[in-house]
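Engineer: My questions will all concern the structure given below.
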Amino acid sequence: MVVPQGMSYANLAGLPSVYGLYGAFLPVLAYSLVGSSRQLAVGPVAVTSLIIGSSLKDLLPGASEITNPNAPTGPQVDIQNKYNQLAIQLSLLVAILYTSVGVFQLGFVTNFLSHSVIGGFTSGAAITIGLSQLKYILGFSVPRTERLNDQVANYIKYMPNLKWQEFIMGSTFLVLLVTMKEIGKRSVRFRWLRPLGPISVCIIALCAVYIGHVDKMGIKVIGSIPAGLPTPTVGWWAPMPDFVDLIPIAIVVMVVDLLESTSIARALATKNKYELVPNQEIIGLGLANFAGAAFHCYTTTGSFSRSAVNNESGAKTGLAGFVTAWVVGFVLLFLTPVFEKLPYNTLGAIVCASVTGLLEYEQAIYLFRVNKLDFLVWMASFLGTLFISIEIGLGIAIGLAMLIVIYESAFPHTALLGRIPGSGVYRNVKQYPNAQMLPGVMAVRIDAPIYFANVQWIKDRLRAYEAKYRSFSADKGGVKLEYAIIDMSPVTHIDATGIHALEGWIEHFAGTGTQLVLCNPSVKVIKALETAGVPDMIGRDNIFVTVYDAVQFCSRQLAERGMVVEPAALAGPDGPPSSSGGD
């Protein structure tokens, strides 16, 4: 599977086909020595191959006019050589980024990108990749572009140039590949068909060329593929005059590769019941790319499809990578002349069939049903990738992810609490309308750290609760608000701005004759409050372990003052004071 896919992805990246084979040889060996995943199949992948192909061709004038990287002619030879060097230098920069992220343990940043963000991006990229390879199946060239509308317009414009021989051969292989892939996915009995698809169509195509001589009927073939193991390219690393232009491309490639690799590695580790070591994994990918950059390989990472096949084939240790590498090494030494006659329509069909697994339309339907915000994020990422560019689409995806994190942090969940009848449990009155509270005693829970970004929002919520609760208490016997309880159990952190706000709340409630009471602040929070002298301001007797303990204390204090009140449900004719979901 890796041999035909590797050559196909190299073609997608605008590189000689043999670069795809090199990428499935030494980087695989390097990763197997260090990486923590036992099933991850490292090598070239579709999405970053497209990113590299589009970005480097924009960087190097004339590169987009080269139709066959395996056999450039005239002035194209120097352009292709320069293009190959840029790809190696890009691989080096990606390796440095990987290693830096791993050494400084920065892999956690990928946790900020939700599955909906990445799903929209990869789905858009899958369609872009498929359309970029459709020209090989149709048998004519089209101007290179990434936008969906431009791609469709170009195909319509150049459709009169359709070569029926290429179309029949390529479309037949595409149908065969998709059929074998789907049967292998849906049936355990026939799962062996899934990895055999690419090599099967390659064998059929080679037979058609060597026996049927279809290459003499207008079928375009790969051409020369150098035999032998990769030679060193360390000398290509410097000088690097395009460093400034390559860095942003390297960052995009590294982020996409890291997300693809870590997501499949985590899934396989969970399925096989072992622990993945994230930073070791990242360093392993860095070492793989260092090895690749030193020996004619462009960037490599973990592949979704090949890793899944690896797992289904029973791979249990990193030795599976060694087996793959030695098979590819054998092909490089002895079989590359055979693949020189492989038609381009076959490579195009392999790529198109491979990226169908990246199109996560079922996820979009699920998100639409479950969470409309996540669905909108998915669509924004998807449409940005389709109609603008791969890089902008990724930027939109990351930007949306950051906005969601900021929004959730700046507008945290808060809840007005009441006691579930017959228990000592206090829960959100919106979720439990029959929850009861003593008139004159308000309990509020803050479900987030209190810091500069959300202090004003929390302050506004407390004011709204206070206004509604004073009205509620007045309706239940004219008792004014005597106690305001804040449950700080979920508050994991409070900064100086938060402490200052808390001091302001103490003074505000004191001015209205209301005592502020705190419940269950964490060790970290109570230390911060102690440093600021908050316990002395509020009175140490007004800090409790649970809301129940605090309410019992308030009840006794009210009784001592001769204020006997009965618990009542907070939900009146207008419903409870506003609070968001949760318990």
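Each residue, glycine too, has its Cβ placed from N, Cα and C.
Just so you know, TrEMBL annotations are computer predictions that nobody has curated.
Predicted, not measured: the structure shown is a model, and the values here were computed from it.
Feature list, courtesy of TrEMBL:
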type: TRANSMEM; residues: 12-34; note: transmembrane segment
type: TRANSMEM; residues: 86-109; note: transmembrane segment
type: TRANSMEM; residues: 121-142; note: transmembrane segment
type: TRANSMEM; residues: 192-211; note: transmembrane segment
type: TRANSMEM; residues: 246-269; note: transmembrane segment
type: TRANSMEM; residues: 281-298; note: transmembrane segment
type: TRANSMEM; residues: 318-335; note: transmembrane segment
type: TRANSMEM; residues: 342-359; note: transmembrane segment
type: TRANSMEM; residues: 379-407; note: transmembrane segment
type: DOMAIN; residues: 431-554; note: domain 'STAS'
Engineer: In the domain 'STAS' (431-554), how many residues does DSSP assign to helix, to strand and to coil?
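Structural biologist: Secondary-structure breakdown of the domain 'STAS' (431-554): 63 helix, 22 strand, 39 coil.
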Engineer: Quick one: do the transmembrane segment (12-34) and the transmembrane segment (281-298) reach 3+ CB pairs under 8 Å, ignoring pairs fewer than 6 apart in sequence?
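Structural biologist: These two segments touch.
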Engineer: Same-chain Cβ contacts of the transmembrane segment (86-109) under 8 Å, 6 or more residues past its ends?
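Structural biologist: Answer is 13, 15, 19, 52, 56, 59-60, 233, 236-237, 240, 242, 246-247, 249-251, 253-254, 257-258, 262, 278-283, 285-290, 292-293, 296-299.
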Engineer: Using a Cβ-Cβ cut-off of under 8 Å, list the residues of the same chain that are 6+ residues beyond the ends of the transmembrane segment (192-211) and lie near it.
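Structural biologist: 1, 3-5, 169, 173, 176-177, 180-181, 183-185, 219, 221, 309, 312-313, 338-339, 341-343, 345-346, 349-350, 353-354.
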Engineer: Would you kindly list the residues that approach the transmembrane segment (342-359) from elsewhere in its chain, counting only those six or more residues past its ends and only Cβ-Cβ distances under 8 Å?
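Structural biologist: That would be 4-5, 7-9, 11-12, 17, 46-47, 122-123, 125-127, 129-130, 133-137, 139, 166, 169-171, 173-174, 177-178, 181, 197-198, 201-202, 205-206, 208-209, 214-215, 219-222, 304-305.
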